[in-house]
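**Student:** My questions will all concern the structure given below.
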Amino acid sequence: MSWDQVWIDINIATMDANIGEPYGAITQAAMAVKDGKIAWLGPRSELPEFDVLATPVYRGKGNWVTPGLIDAHTHLVFAGSRANEFELRLKGASYEEIARAGGGIISTVKACREADEAELFELGRQRLNALAKEGVTTVEIKSGYGLDIETELKLLRVARELGKHHHVDIKTTFLGAHAIPSEYKDAANSTERSDAYVDLVVNEMLPAVMAENLADAVDVFCEGIAFNLAQTKRVFTAAKQAGLDIKLHAEQLSNIGGSQLAAQMGALSVDHIEYLDEAGVKALSESGTCAVLLPGAFYFLRETKLPPIDLLRQYKVPMVVASDYNPGSSPICSSLLMLNMACTLFRLTPEEALAGMTVNAAKALGIGDNVGHLAVGMQADFCLWNISSAAELAYSYGVDRLIDVVKTGKLVHQ
């Protein structure tokens with residue numbers, strides 16, 4: 001056999017359901033890589049003969065290998081700070097009250113409009129490095145802090161540029177319908193003005209995004225303080241006509257039926273979903289839409305309404321765990337902490353949490369045929385951890401357990 005590298009003396013949490021073991025585990029295992037893909041994996045005793053002198057061999061010393069982690073929901077490119085709003089919330093102001101008073105997303109919009117691409121790139125690079133140090137190999141980055149054509153394009157350009165200069169793969173999402181900008185707010189004609197902004201998103205922003213090939217998907221914030229069902233459907237229809245995947249912020253603060261609409265239109269995921277009901281869960285199950293859990297926002301906003309975890313299990317909806325890294329509701333740049341929070345706050349099992357940041361996260365980004373679990377033919381994105389069981393990744397936080405990271409067959413962290 002001719003391989004580019006071989007890993008021995010490892011235990012592998014493949015996260016491959018076909019293995020039939022918790023975590024898709026193969027103990028006392030080995031794995032071979034060729035041309036950036038996994039060429040062989042299985043018990044060490046069954047490893048075929050290969051040219052030891054011509055092949056780099058890495059010894060895992062009995063440690064665990066997992067797929068590279070995938071953060072499927074971030075707002076990583078932004079400028080400014082909202083620490084003052086943190087203080088206001090601790091004094092009793094709600095997220096909705098701050099947003100309606102012109103804070104929240106709108107304050108970050110102002111900072112992003114004023115920042116240039118170089119500043120945004122450097123801020124994004126620092127945050128991406130922080131995630132990469134925790135074993136993240138793929139990240140989704142949304143726009144949504146521009147709310148005008150120029151700034152939305154600027155944010156997406158920076159996200160694309162980060163992907164060109166970093167080993168972490170970047171999937172970009174156009175979130176022009178994140179909030180209604182101040183220039184379109186009119187209390188006397190709120191629906192009419194927000195409809196006019198949706199016109200801008202659909203007729204001008206999206207074509208400009210497509211002209212520069214800046215987005216892989218389109219997202220909308222469907223809530224009482226943002227966009228209604230009819231407006232969401234308009235954006236989704238335009239996105240699908242443009243050939244883009246769709247996903248939705250839904251049921252975070254209330255339930256207006258966004259998840260059912262997203263499911264009907266074939267969305268990859270619905271995200272937040274604290275107020276999701278059984279009808280919505282059933283719709284997700286029938287459409288194969290993923291449920292993205294964002295424990296960082298739940299924690300930071302001190303929410304009390306839990307996502308319907310038992311219903312999601314009952315209907316076998318793929319559960320994803322993501323950081324939602326953003327300046328207002330989840331300024332926590334740690335994917336590993338999200339694994340712990342998903343277990344402690346939402347009562348996921350450690351296996352469910354890890355699946356939520358690997359195999360299910362890949363599904364939520366539409367890349368499950370290439371990454372997210374370890375099997376022959378899959379891209380060789382994986383991490384070696386100094387742990388005695390895969391459950392330790394969700395159990396304990398704060399100690400650096402990452403030993404190695406391999407990205408597309410190349411050792412990028414050692």
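We count from 1, first residue shown onward.
Positions of Cβ are set from backbone N, Cα and C atoms, glycine also.
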**Student:** Write down the one residue from His249, His373 that Swiss-Prot lists together with His73, His75, Asp324 as binding Zn(2+).
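**Tutor:** Looking at His249, His373, the one Swiss-Prot places in the Zn(2+) site next to His73, His75, Asp324 is His249.
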**Student:** Given that Swiss-Prot annotates Asn326, Gly328 as N-formimidoyl-L-glutamate-binding, name the residue from Tyr23, Tyr58, Tyr145 that shares the site.
**Tutor:** Tyr145
**Student:** May I ask you to find which of His178, His413 Swiss-Prot records for the 4-imidazolone-5-propanoate site already listed with Arg82, Tyr145, Gln252, Ser329?
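**Tutor:** For 4-imidazolone-5-propanoate, Swiss-Prot names Arg82, Tyr145, Gln252, Ser329; of His178, His413, the listed one is His178.
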**Student:** Using a 10 Å cut-off between Cα atoms, which of these binding-site residues sit near Tyr145 (4-imidazolone-5-propanoate binding site): His73, His75, His249, Asp324, Gly328?
**Tutor:** His75
**Student:** Report the nearest neighbour of Gly328 (N-formimidoyl-L-glutamate binding site) in space among the binding-site residues His73, His75, Arg82, His178, Gln252, comparing Cα positions.
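**Tutor:** Going through His73, His75, Arg82, His178, Gln252 one by one, the closest to Gly328 (N-formimidoyl-L-glutamate binding site) is Arg82.
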**Student:** Including all protein chains displayed, how many Cβ atoms other than that of Gly328 (N-formimidoyl-L-glutamate binding site) lie within 10 Å of its Cβ?
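**Tutor:** There are 25 such Cβ atoms around Gly328 (N-formimidoyl-L-glutamate binding site).
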**Student:** Work through the binding-site residues one by one (His73, His75, His249) and name whichever has its CA nearest to the CA of Ser329 (4-imidazolone-5-propanoate binding site).
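**Tutor:** Nearest listed residue in space: His75.
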